[in-house]
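Q: Take a look at this one; I'll ask things after.
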Amino acid sequence: CHCHKQRYNRGLSPPASSNLPSSISRASINLNHSIKLSLKTKPHFKPNPLHYRHNNHQTFTQTKNMSVACGVECVVVFGCARWLWKRCTYIGSYDSATWPSATAVEFEPVPRVCRIILAIYEPDLKNPQHFQPANGYRLNPDWVVKRVSYLETEGHAPPYIIYVDHEHREIVMAVRGLNLAKESDYKLLLDNKLGRQMFDGGYVHHGLLKSAVWLLNKESETLKKLWVENGCEYGMVFAGHSLGSGVVSLLSILVVNHRELLGGIPKEKIRCYAIAPARCMSLNLAVKYANLIHSIVLQDDFLPRTATPLEDIFKSIFCLPCLLFLVCLRDTFIPEGRKLRDSRRLYAPGRMYHIVERKFCRCGRFPPEVRTAIPVDGRFEHIVLSCNTTADHAIIWIEREAEKALQLMKDQDSTKTVTVPPTVQKFERLKTLEKEHKDALERAVSLNVPHAVDTAEKEPSENNEGEAASTSNGDREAEAEAAASSTESKPSGGRLNWEEVVERLLKKSETGNKHIEEDTNVPH
């Protein structure tokens, strides 16, 4: 056994007389021999401090890069989550959160105007069958002068009504809203040639302007006759809903600039009410005519927040989630200053009246509140993610909530202790509205809104009598030119031609001089 052990330790094969199988014994001996040789020949490894330092530096660099990447990823995820939260929780009342409340005196005509617009949908006011308000139309069918349908307008304008309100001493011309079943309404919205020509120092929707010109060519003589027959004392009110709001807004601008063509009606007797208004004019015009045009918006209405081109209207109605995502992304990355400097960007016209009736994370409707202002920046620029965006556009809902809001304002006024006569209150309110208009014009100039003009720049200096005299002479010449143009614009038949009037407003130079420019697209 001792000999076998020595032979085994030297790596030799065991004798043939061994009881182990030869193959197993040789394999085990060779394995042990190779292990011993490797242990004898392999040198002992001594660690190098530089080697450890290099490995630690690589590990630290990799950890640092991973930390930075994780930090950037967390910031991006947090930013996207915050943006998504703000967009999903944005409600319409935020647009007017800082606006003051309206008064009952200035808001009183709104429900009445809405009822006149609703009357356009009724074929017979004596036997109403459709869209009747809760307390009825409260209109006298005998005071309806004219009702015009789609068949008579021939696609040039939506249906309208002319109503003489002897109770409130007003001549009202109301135009209905968009009809999704009429191709002619689509054509009006699609005809939007932005930037082609300036109109009264700004830009307007081309199709709506053509419709306004057609209405004036057709009904200006009727309006003039009604005003003269009623002693030249009645007010002239233009009202419209949705598509019709854009038409009457541009129509009222034409009338105010050429009042002599309607019998010389004073400017303070002309008013325009745009219910659920469409974006139809540039920002400088929207602020300039804020004392003339009054826009009424119900909470989350989509149209004042949507660009007017036809494809955007259909996206808002039929593909609202897709439009909201794209528009929200666009609004996020477009600075507010860039929007204000875009002279071709269209806005809702005039002074804004916002009816607010819902609150965040609250169910049901609350007592409506009416806020008013002439905003320059933040003028309904955000589309609201809400299930009420299309419902708030309906004229019947606007009339209902406007009537509730008016009654609440009257009740609040009756409970207050009155220390000032009503005439003084009305005068003070008019002064406040004038100051707000002036402040809005000055803010538009300070924000570098294209073509914005401060009214103070147009007033003659009291210390410079020569300048005032020259200005008065220029005014006289302008009046004479306007009177001559009014006579020249009458064809042989005696009817006024508003196309020539529009041509004088289509182009203005930087100095404010008007130039006549032929436009073959004006309807004849």
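Cβ from N, Cα, C; glycine included.
Annotations per TrEMBL:
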- 12-21: compositional bias 'Low complexity' (COMPBIAS)
- 72-129: domain 'Mono-/di-acylglycerol lipase N-terminal' (DOMAIN)
- 172-308: domain 'Fungal lipase-type' (DOMAIN)
- 1-21: region 'Disordered' (REGION)
- 447-498: region 'Disordered' (REGION)
Q: Along the domain 'Fungal lipase-type' (172-308), what average pLDDT does this model show?
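A: Mean pLDDT, the domain 'Fungal lipase-type' (172-308): 90.
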Q: Let's see if you can do this one: DSSP helix, strand and coil counts over the domain 'Mono-/di-acylglycerol lipase N-terminal' (72-129), in that order.
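A: Tallied per class, the domain 'Mono-/di-acylglycerol lipase N-terminal' (72-129) gives 37 helix, 1 strand, 20 coil.
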Q: So, by DSSP, how many helix, strand and coil residues make up the domain 'Fungal lipase-type' (172-308)?
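A: Breakdown, helix to coil: 63 helix, 28 strand, 46 coil.
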